[in-house]
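These come from Swiss-Prot:
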type: BINDING; residues: H58, H87; note: heme b binding site
type: DOMAIN; residues: 1-141; note: domain 'Globin'
Amino acid sequence: MLTAEDKKLIQQAWEKAASHQEEFGAEALTRMFTTYPQTKTYFPHFDLSPGSDQVRGHGKKVLGALGNAVKNVDNLSQAMSELSNLHAYNLRVDPVNFKLLSQCIQVVLAAHLGKDYTPEVHAAFDKFLSAVSAVLAEKYR
């Protein structure tokens, strides 16, 4: 469960990252495809080369959805319901992949936010991304 302090730290960090959604999202996806190549199977029609328009576009969507989750942190289930349905019923993404992408997002945030990505911010974002992953996996049960 996220504390009030966690929510504050998440909001503050997100304010610094929000204007870089396409860049950070593409970097996180590229990192995921490189580190966990099995994740590429969900994108058979994408040009998965780093910086491709499709990777940048999807990265922007992913981080845009994450921004929506930040805004609706107290009601993640409702805010992420449509995405949960899409990934569970249409795309049939294995929920473990949400955790893999979460790890890559953490690395990208740490790399770009530098000293602002304190251990406390890291811990708060870890809890937040775990909550988002759990909500995205809700429809699988």
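Glycine is no exception: its Cβ is also placed from the backbone N, Cα and C atoms.
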- Item | Cβ neighbour count (within 10 Å, all chains shown) around H87 (heme b binding site) | 21
- In sequence order, which residues at least six apart in the same chain have a CB under 8 Å from the CB of H58 (heme b binding site)? G25, A26, L29, F43, F46
- H87 (heme b binding site) in three-state DSSP notation: helix
- DSSP, reduced to three states, assigns H58 (heme b binding site) to helix
- Per-residue pLDDT averaged over the domain 'Globin' (1-141), given as an integer: 93
